[in-house]
Structures are given as C-alpha cells and as structure tokens.
Amino acid sequence: MAAGRGERAGQSAEGPKQYRLIGAEAVLARTLRAFTDCPLIGTIAVVIHPDDHALYRRAVPEKHENVILVTGGPTRQESTRLGLLALKDEAPQYVLIHDGVRPFIGQDLLERIIANLTPDNGVLPALAVPDTLKRAAADGMVETTISRTGLFAAQTPQAFPYAPILDAHEKAFAINRTDFTDDAAIAEWQEIAVRIIEGSADNTKLTWAKDIEMADKRLRQDHAVFPDIRTGNGYDVHSFEPGDHVTLCGVKIPHEAKLNGHSDADVALHALTDALLATRGAGDIGTHFPPSDSQWKGAASRIFIEHAAKIVREAGGRIANVDVTLISEAPKIGPHRAAMTQALCDMLGIAADRVSIKATTNEKLGFVGRREGIAAIATATVIYPGEVPE
C-alpha cells in the first residue's frame, strides 16, 4: 500500500515519504524488493496515488514481471479494496497486505506469516505492548491505568484467505463503512479468524520525518554506500561544406562554412547525446536515429539530446554535470558560450553551473588544424537511484 500522502512526515522535494531516500534508495523500492525476492510470493499489486506514476517510475526503474500498478482511492481502506480487486482474475488462495513505508520487513517474518496461513484463519504479526498504558481525561490528567496483558501493537503484512477478505472489504464499501484502522479490524468485523504471531522489532513503520532520518542513518551505518554515479563519454566529428553558419549546442553561429551531416550536424549535441546514452548502456545516437532513416534529414539535434535525457530520467537518473569540449580553429566559441550554455540548460533542465563548454584548437595539426571540420568530446555524469551492487 503506497497511495498515501504521508503528511505527518512533512514536505519533501522527493515527494511523499514512500519515495524519500534511505540509504540512497527510495523507501518503496526497498519495501518492494523484500517481496520480489521472496520465492513464496506470486503477483504483487502496488497501489499508488493517481498523481505518483512518475515518482514510482523514478523510485522503481526496474521492471518486474510479477508486479502490477494499481491506482488507489481517497483512503487507505479504499486503496486496499482496489488492490484486492486488481487480483480478482487471478483469484489467489491467500493475500498479504503490507504498508509501503515498512521497508525493513524481513524474509524470516514473511515466511512465518505464510506458514501460519490456513483457509480458516488470517495472520497478524504483532508485538506485545511493553510500556505501561494510561488513559487521559479531557483535561490531560491521568484517568486510569490500562492493563497491558493481552495487548499487542499490530504490524503488516497482514495475511488472509483472499476471497473472505475481499468480500469483507466489499461489504464495508457497500454500506460506506470507512472507520476501520487496519485490515485485521475488517476481518474481525466479518468474523474472520486472525492468528497473532510474533512480529519483528525491525519492521517499523516510517511515520514521521525523524523516522526517515533514523532509517537512512541505520542503512548507512550497516554498510558502506556506493552511490550509483555513472559517467559517459561521447565523441563526434563533422566536416565543413559550403554555407554561412554552424550550429553548436543548438545555437546558430555565423561562419564561412557549415557542417556537413544528415541532420543539422550539431557536433556538440551529437557527442553529448552519446555521453548520456552511455550512462544507461543504451547504444549510441545511430542506434536511435539511424542516418539511413530519411525522417532525420536536416533534423534539429535537440531532438536527439532530449530523447537521451528522457531515457536517463525514465530510469530515475539525475543529470549532475555535462562537459563539452569543442576542437576547432574557427569559429571562435567564446562570444557564444553563454548562449550555448543556456541552450543546454533548457534542453536538459539543469542549472548553468552544471554545464561546462570549452574550446581548444588543434594547433593547426590534422584535419581540424587544416580547418576541414570540427570535433567534439563530451562527458556526462548522472546519478541513478540505489547504489553500485557488490
């Protein structure tokens, strides 16, 4: 279940708490992995908010054949019902319902929950309440002490025979009963037997901002984190032919000749496109835009680089830096550097301090020295979710 807004955790540029990073990985990605790694689990329905599809793709770029996305409703109870309905065609024997913000669910607990499931009862992992409980009066003064004997704090995943728990949710929906605080309460209402088993102290729910901070600190202490930072390089060269301007980084620069190419021959953008694609192992510019395809004849090269940037972002990548070195005797790049930098900022959606454009000559050596063309070398640095695997 990952359709909530997580308002108690406060606002974050990363989105609701299920998409915040702990140990360089989104909370939801870590939670989901516990289930995709479990051989006892079949289809997994991930229920998300209707506005969160882009956040989900960034948090969980990997494709899992047994994972389906379900759009949730206005409440957790309604989102759960919709998630259960999404599995109706498969009609599994059992179902586990888990909070997406409990990322420390372990394989041992999952296996014990499943082992205790029967057609006649559900399973609720829970921990005995260790603290003394007090009931307060309206004025905040202690009214009475409550015996903690037989009291447990419920956790998830809560597991049930599929058909009975779906039926219970449908009945609650039919009469607009929305006051259940968890799925075990709905099961209790419909007299579905639920067995309590020992939960796990590690299986905490991340509710407040401090919970997320502590989870991040815990993961970083558990092991050295190697962020998934990737670097790609690109190189391109185009010869001159008769003309009156060259296009570099999307900017037209007056010149005594133009660059020869199938598209607009923007040597800088071509090199940078290859550099971005390299960070995904996604081939080169010719793979995506073959020169044999007439539709790219004379095309603006910003189409190519924006396509490469889209591939990066769909995998959750954030472009940290791009660097372009132009090698030419002419034209002079300096007077146009600011415009070229701004053009790259607009194409890639990054700040100017993350863009470097440099120029050098070839000291009159080789084809560049003979003013026969321009070469470009580009480097892109991209940060992807997660970390480098061991």
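Numbering starts at 1 and runs along the chain as displayed.
Note that Cβ sites are derived from N, Cα and C of the backbone, with glycine treated the same way.
Predicted, not measured: the structure shown is a model, and the values here were computed from it.
Summarising the annotation, Swiss-Prot assigns region '2-C-methyl-D-erythritol 4-phosphate cytidylyltransferase' to 1-229 and lists sequence analysis as the type of evidence.
Sequence annotations record features per position, and here Swiss-Prot assigns site 'Transition state stabilizer' to R8 (among others) based on sequence analysis.
In the shown protein chains, 28 other C-beta atoms lie within 10 A of the C-beta of K17 (site 'Transition state stabilizer'). For K17 (among others), the entry in Swiss-Prot reads site 'Transition state stabilizer', with the evidence type sequence analysis.
Look at Swiss-Prot and you will find R148 (among others) tagged as site 'Positions MEP for the nucleophilic attack'. Reduced to three states, the DSSP call for R148 (site 'Positions MEP for the nucleophilic attack') is coil.
Proximity of K205 (site 'Positions MEP for the nucleophilic attack') to non-local residues of its own chain (separation of 6 or more, Cβ distance below 8 Å) is seen for D99, V101, R102, Q155, T156, D211, given in sequence order. The annotation site 'Positions MEP for the nucleophilic attack' is assigned in Swiss-Prot to K205 (among others) on the grounds of sequence analysis.
Annotation source Swiss-Prot lists region '2-C-methyl-D-erythritol 2,4-cyclodiphosphate synthase' at 230-390. When pLDDT values are averaged over the region '2-C-methyl-D-erythritol 2,4-cyclodiphosphate synthase' (230-390), the model yields 94.
The number of other CB atoms found within 10 A of the CB of H238 (divalent metal cation binding site), across every protein chain shown, is 20. According to DSSP, H238 (divalent metal cation binding site) is assigned to a strand segment. Sequence annotations record features per position, and here Swiss-Prot assigns divalent metal cation binding site to D236, H238, H270 based on sequence analysis.
What Swiss-Prot records for H262 (among others) is site 'Transition state stabilizer', and it gives sequence analysis as the kind of evidence. Cβ neighbours within 10 Å of H262 (site 'Transition state stabilizer'), excluding its own Cβ and spanning all shown chains: 16.
Here Swiss-Prot flags T361 (among others) as site 'Transition state stabilizer'. Reduced to three states, the DSSP call for T361 (site 'Transition state stabilizer') is coil. The C-beta environment of T361 (site 'Transition state stabilizer'), restricted to residues of the same chain at least 6 apart in sequence and closer than 8 Å, consists of I327, S328, E329, V368, G369.
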Practice item. For each of the recorded positions (R148, H270), count the other CB atoms lying within 10 A of its CB, then report the residue with the highest count. Key: H270
Revision key, fill the gap. Row D236 (divalent metal cation binding site), column other C-beta within 10 angstroms, all chains, value 22
Check your understanding: So of all those binding-site residues, D236, H238, H270, which one's Cα sits nearest to K17 (site 'Transition state stabilizer')?
Key -> H270
